[in-house]
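The structure appears below as structure tokens.
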Amino acid sequence: MDSYPTYLCINLPVTRSTRAVPHFPHSDTPAMSASILRATSAIRPLTAKKASNAGLYFALAGLAGAGAYYGLYKQDAIPKQEKSPLDPDNFVDFKLKKVIPYNHNSSTFVFELPDNQSSMLPVASCVIVKAEGLKDDNGKPVIRPYTPVSPSDKPGELSILIKKYDTGKASKFIHEMKFPWKIDQFDEVAMIAGGSGVTPMHQILEHALPNKENKTRFTLIFANVTEKDILLKEQFDEWEKKYPNTFKAVYTVDQPTDGWTGATGYVNSEMIKKHLAPATLGEKVKVFVCGPPGQVAALAGKKAGYQQGDLSGILKEAGYTPEQVFKF
């Protein structure tokens, strides 16, 4: 498995089944109960090696369904946290924070929970995995259960240990997920972010810049309403000083103060032409876009659900191709 990080989102609802769910071994065996099969939700990789554009789906199943969930998490809850970040009525996205190799064929996938919250999962919960587009010999969806290995009161994290089987479609699919960037894959990486959309950019930079083998040059255009809204600015400024040959940050705000010296207004074609590597570099340049839907649409076109959607907007007008642009 590659050592660079994988980025994906996970939806973890609570199943409404009232039937008991047995514990399953972490292997790609077909045995599982109907109560598990009814609980599905979505988890999507940004890219997956030789995989279709369809996403990977996750769900949760408790020891006795929703009733056990409410009873257990209320008893075990951390006093300062009123409820779990999981929503029994809606799907909630979580981001893959890191992948920790365990041995030659197993790794722990650590998901980031919002606001440093604990998962507060019920005892004997398991995560149900379904890869859309992956079917068995009978044409039925591949569905697999995995039990979290992190404590339910672990702040900010939910971890799942997954063993890879060469003939196991689900586990192999998960282990082959690729982040859309790895060391020196591109000469230039352009990043356009708005608001909290800067977090995946930060993850890439945090991994790449300290690497002594990295020669890729990163340029971040970060748009916000005011200077006070700029997240992680201290970190980006520090990286600019520490890695002047491989990182540059450009800030733009909608409502500048009198002392503001950066750019103003929305990210536009002039900013892109001035600061980002040109589309003529072909495969040597990659552009990542993440921000509010309106910003993403204006820059690169709307996403089509979990898919990238057609490329349009400012980046297309600047000559970039769908292969060069990735929308988080």
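From the backbone N, Cα and C atoms, a Cβ is placed for every residue, glycine too.
Features of the protein shown, as given by TrEMBL:
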TRANSMEM  54-73  transmembrane segment
DOMAIN    89-202  domain 'FAD-binding FR-type'
BINDING   ARG144, PRO145, TYR146, LEU161, LYS163, LYS169, SER171, THR199  FAD binding site
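Structure with TrEMBL features highlighted.
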{"residue": "ARG144", "record": "FAD binding site", "Cβ within 10 Å": "27"}
{"residue": "PRO145", "record": "FAD binding site", "Cβ within 10 Å": "26"}
{"residue": "TYR146", "record": "FAD binding site", "Cβ within 10 Å": "20"}
{"residue": "LEU161", "record": "FAD binding site", "Cβ within 10 Å": "16"}
{"residue": "LYS163", "record": "FAD binding site", "Cβ within 10 Å": "17"}
{"residue": "LYS169", "record": "FAD binding site", "Cβ within 10 Å": "16"}
{"residue": "SER171", "record": "FAD binding site", "Cβ within 10 Å": "24"}
{"residue": "THR199", "record": "FAD binding site", "Cβ within 10 Å": "16"}
Response to the item:
Model confidence over the domain 'FAD-binding FR-type' (89-202), as mean pLDDT, sits at 77
Worksheet entry | Assigned conformation of LYS169 (FAD binding site) - DSSP reduced to three states | helix
Practice prompt. Give the maximum pairwise CA distance in Å, whole number, for the residues ARG144, PRO145, TYR146, LEU161, LYS163, LYS169, SER171, THR199 listed as binding FAD.
Written response: 31
